[in-house]
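According to Swiss-Prot, the protein carries these features:
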type	residues	note
CARBOHYD	Asn111	N-linked glycosylation site
CARBOHYD	Asn112	N-linked glycosylation site
TRANSMEM	49-69	transmembrane segment
TRANSMEM	79-99	transmembrane segment
TRANSMEM	137-157	transmembrane segment
TRANSMEM	166-186	transmembrane segment
TRANSMEM	209-229	transmembrane segment
TRANSMEM	240-260	transmembrane segment
Amino acid sequence: MPAAIRPMKKTVSFSKDVSNNNNNLESDSDTKQSPQSYLTFIPQIKNSLLVVPFHNIFILVGMFYSGLTQDLETVMWKGFLTSIPIQVIYNYIIYINLLPLKKSTRNDHQNNSSGSAINNNNNNNNNNVPLLIGSSIFVSIVLSLPLFVVIILMGAPVYKYSLKTLYLSLHLSQLIFNPLIILSNLNVNKIKRLFKQDHLYRIIFHHGILSSVLLTLGGCWLGVIPIPLDWDRPWQQWPITLLVGGYLGGVVGGVLSLIVNYFSH
């Protein structure tokens with residue numbers, strides 16, 4: 001008689017699947033940003049009240065007092081020159097109000113897209129402060145040229161208005177790029193990493209500098225609205241309302257950050 005064929009026992013192993021799932025979970029957790037990973041590359045502010053750009057109001061009032069609506073180009077240029085030493089003082093106030101960076105975790109180092117971890121030991125004491133502040137002014141002036149091109153591409157009038165638009169870009173570059181350069185310590189990768197964070201707007205409005213910069217852009221954008229209205233007022237000239245919106249937007253952004261931080265605590 002032929003030998004009876006014994007049925008084979010079927011076994012199912014989940015060990016490989018479980019191990020694969022565990023590996024996938026670990027990789028997913030590595031790719032996710034930690035809740036406060038931005039603290040490892042964006043310095044926080046000691047006293048948010050001190051970095052609110054209230055000086056913007058005085059610069060703006062000074063330009064109107066000097067005849068901004070009568071001699072627009074001359075007053076805008078003189079106002080820009082006047083704002084530079086004021087901005088130098090403001091940059092120093094920002095610098096001395098920056099807290100040391102939080103130490104990076106393993107995941108924060110892995111998520112650094114540039115492939116190099118940020119050295120948190122390079123605190124404020126290791127910086128050449130005059131060089132940093134001077135560089136922020138110079139770089140901001142240089143960046144006013146691409147900003148000028150962007151404003152033109154977004155619909156700014158060109159014929160007979162190019163010089164006024166250039167002066168507008170000079171003012172806006174000081175309001176936008178100057179504080180960001182001090183905050184990032186001339187490291188563009190820090191700003192790039194900021195846009196990869198979850199809850200970006202929550203981070204921005206909890207930070208006095210970032211909130212001021214964002215509302216400067218928003219105020220300038222809203223400043224376009226009164227220009228085409230049929231009111232025939234001298235202050236409706238291009239680009240006075242954009243200039244006013246940018247300067248006041250920075251102040252509103254700083255105050256808004258104070259309010260957000262107050263209620264969040």
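Yeah, the Cβs are placed from backbone N, Cα and C, and that goes for glycine too.
Among 49-69, 79-99, 137-157, 209-229, 240-260, 137-157 has the largest number of CB pairs under 8 A with the transmembrane segment (166-186). Contact check: the transmembrane segment (209-229) against the transmembrane segment (137-157) gives fewer than three Cβ pairs closer than 8 Å, residues 6 or more apart, which falls short of the contact criterion.
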